[in-house]
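These come from TrEMBL:
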- 1-20: region 'Disordered' (REGION)
- 50-72: transmembrane segment (TRANSMEM)
- 58-468: domain 'Major facilitator superfamily (MFS) profile' (DOMAIN)
- 93-112: transmembrane segment (TRANSMEM)
- 124-143: transmembrane segment (TRANSMEM)
- 150-172: transmembrane segment (TRANSMEM)
- 184-205: transmembrane segment (TRANSMEM)
- 217-239: transmembrane segment (TRANSMEM)
- 322-342: transmembrane segment (TRANSMEM)
- 354-372: transmembrane segment (TRANSMEM)
- 378-403: transmembrane segment (TRANSMEM)
- 415-433: transmembrane segment (TRANSMEM)
- 445-464: transmembrane segment (TRANSMEM)
Amino acid sequence: MQDPEKAPVPSPAAAADIERPDTLPQLYFPSSSTSSVTATTEAKEFERKLVWKIDLVVLPCLITIMFLAQIGRSDIANAKIAGMDKDLSLTPARYANIITAFIVGYLLFQPAGTMMLRKITPPIQLGVAMIAWGVVTACHVLAKNWISMLVLRAFVGIAETFSQGAVFYLSFWYTYKELALRGAIFQSLASIAGAFNGLLSYGIAMSLGGKNGWSAWRWIFLIEGILPIAFGFVVMALLPSLPEKNRFWFTPAEKVVLVERTRRTHNAEDSKIRPHLILAALKDPKIVMTCIAGGGNYYALSALTNFMPDIVRGMGYEAVQAQLMTVIIYACAVVTVIFWGYLSDRYNQRSIPIMISASVMAIGYLIMLTVPSDSTNVRFFACCLMAMGGFPVALLQLMWLVVNTVSYTKRAVGLAMFNIVSQLFGIAGNQSYQDPPLYRKGHAGAMGASLLTVVMTVLCFYHLKRKNATKRKRLQDPAQATKVAEERATSYDVIGDDHPDFFFTT
């Protein structure tokens, strides 16, 4: 039985010429006449260096994209307490509607933003998306009332939709056992961006607030709009396209191994949009359960991201102090994201870290609901728990979905579904936060949503274990031998994760 995680291994004869492109096909695709194949030290070292090169070429671009995207989402919260609420006469309901407008814009093109990645090509799609949301963000300085801000946030959401293909793109370059740690580095930038945004907003408020007659919040949007515009052109010029179509970063020998590696993660050569797998994804129980679990987490996490400075200010801190205090909260999240990402890869386990992290988040919200309003230190600790639980869950759920959905179509649709459902839950979460400064109604909903994440993750865990048991039983059934042989001869991109040799990660 084929193990999808196990790399094809090179023949000893090919080891001496490992850098030659004409020997790499033999190295990684040994002929059927080879009686004994053993992995050579040279081949392992070659691939190790290649993975390091991918880390240096691909990962920095993706990290910066997501870093700036997260800043683009969370800048509204920092701008609010930097004077925007007063200048635009924001009520809690109006602010919630402005946040919702971003999510609605984000939802409109979500399927296209994921499924068209190969067609448009990653450098063009991701680079243009950055330039677009940067331009719109810079235009926030022109907002005169809350309606104009609402419209601008909707357009930022539309532009950022097309940057979400970055997660899908990551799966083209890394094997399943490499994904979670890279994803952790990737996701930790969301936390670091939150911390950086607090520091940047603090610096802007102290140095530019009132200059040229502009309040600090207008300077925040201008500066945080220029950054993605500049880097968007860098992405278009430097980001590799696809492993089989990359331009100048990799040698011919490396390109052969890159293509072989992407096949290990079931990115087939004949990858394309297949209508029958769109329907299969829409009614797949594991995708549906993962999406609901993701929605529960995003309900809580979206509210946390959009209201964190306001929540901290409600503890008695001044606006500028609140900007700084959020840095500590996001720094705590960075630690847990990398910790759980490493353990998840180390033990090839996704569900248990998700359950633990979501439970930690629920405990944080429970503390916010039960302790007295004057217990500032305890409430601040609770905010740290909320971030330490929510951000790792966001990472691990995406990685769990990627490793358990096979074929270009099903994986793309699954990721689009995940983002759509998550954003819909996010709308509900943001709308529930309308009772400042304690936000008890919002915290209660977020705690319930975190517990929903735990429940759906448990159900998905047992569903996948049952599916794996059914597959193993079928492989041992002589009556199914002919059918299994036919399915084995079919491309993963056509049959999806129903392929008899594919087993789900729990």
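Including glycine, each Cβ sits where the backbone N, Cα and C put it.
Worth saying up front: this structure is predicted, and the values here are computed from it rather than measured.
By the count of Cβ pairs under 8 Å, the stretch nearest in packing to the transmembrane segment (217-239) among 50-72, 93-112, 150-172, 378-403, 445-464 is 50-72. Touching of the transmembrane segment (150-172) and the transmembrane segment (50-72) is concluded from the presence of at least three CB pairs under 8 A, sequence neighbours closer than 6 excluded. Against the transmembrane segment (445-464), the recorded stretches 50-72, 93-112, 378-403, 415-433 differ in Cβ pairs under 8 Å, and the greatest number is found for 415-433.
Here the transmembrane segment (93-112) sits apart from the transmembrane segment (378-403); fewer than 3 CB pairs are under 8 Å, leaving out pairs fewer than 6 apart in sequence. Counted as Cβ pairs under 8 Å, contacts with the transmembrane segment (378-403) are highest for 322-342 among 50-72, 322-342, 415-433.
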